[in-house]
Amino acid sequence: MNSPNSCEQHLFLQPFWDYILTEFGDIVSSPFFPVLLAFSGYLCFSFPFAIIDILGERCPLLYQYKIQKNKFPTVKMMILCIWKAVYNHVIYVFPAVFLNWLWIPPGPLPQNAPTVCTLLGEVLGCLLLFDFQYFVWHVLHHKNHWLYKKVHAVHHKYVAPFSWSSQNLGGYELMTVGFWSSMNPIRLGCHPLTSWTCNLLSVWMSVDDHIGYNFPWSLSKIVPWGLYGGVIAHDLHHQKPDTNFAPFFGHWDLICGTSCV
Ligand SMILES: [Zn+2]
Ligand SMILES: [Zn+2]
């Protein structure tokens, strides 16, 4: 039986969940919805920083926070990254999602919303799990020369990252990352709202890692004790590839002695 507090939390998200099911039930039931959500997130989160990059020194208010000053992406570099992301989705991601849908048809969406505490706990748990999985994968693909050359080198094409370059990935790397970020919440039995929130947050944090600007409101500055690596850590990873392997949080690099900030 739910405690009164947990009922209140249920009620908090229930109207929103009811609205989603009533108005967008067909759309959110589609197996392609999480992919389209993540890809739309990539475009929306990256676009404002492309404008900031194009403005460059003409906007000193923002330019002062550029990490690698005087290293700006060209429009051609931006288009190449977007093209790579579209290509990877058409050739790898959409066919994989379609085959998965044929193999394991999804069940109906739940009628009840999660509690706020459940949602936040599940999201944090899934992000921490993803962070660990990618940390191990990332170390392996840097330490093994063959794996680096064949798989991960694509992502290191740019020493000075920019927002669109977060998805400058080989097909295998994107599939691996996409598999973890989409399947972790499902395998752990999380609510669909958790899965979608995780998808969007992962994309946002990944874009944030690559924007190339260390703004005062960056998460890495807000979260204390170096627990969140964020943009400054990942920008350094592109400059010194033997450091800062974790994608989001800072604890694994601190524990393993690979942290550099
Ligand atoms: Zn990167
Ligand atoms: Zn790397």
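The backbone N, Cα and C atoms fix where each Cβ goes, glycine too.
Bear in mind that TrEMBL entries carry predicted annotations, made automatically and left uncurated.
In terms of DSSP helix, strand and coil, the domain 'Fatty acid hydroxylase' (124-258) has 94 helix, 3 strand, 38 coil. Positions annotated as domain 'Fatty acid hydroxylase' by TrEMBL: 124-258.
Annotated transmembrane segment per TrEMBL: 32-56 (among others), in sequence order. Away from its own ends, the transmembrane segment (32-56) comes close to residues 62-63, 72-73, 75, 78, 82, 85, 89, 93-94, 97, 162-164, 166-167, 178, 181-182, 195-196, 199-200, 202-204, 207-208, 211-213 of its chain (Cβ-Cβ under 8 Å, at least six residues beyond either end).
Outside the transmembrane segment (77-99), and at least 6 residues removed from its termini, the chain residues within Cβ reach (under 8 Å) are 31-32, 35, 39, 42-43, 50, 53, 158, 162, 164-165, 167-169, 171, 174-175, 178. Among the features that TrEMBL reports, transmembrane segment is placed at 77-99 (among others).
The transmembrane segment annotation in TrEMBL covers 119-140 (among others). Residues 13, 147, 152, 176-177, 180-181, 184-185, 188, 190-191, 193-194, 197-198, 201-202, 205, 245-249, 252-253, 256, 258 of the same chain lie 6 or more positions beyond the ends of the transmembrane segment (119-140) yet place their CB under 8 Å from a CB of it.
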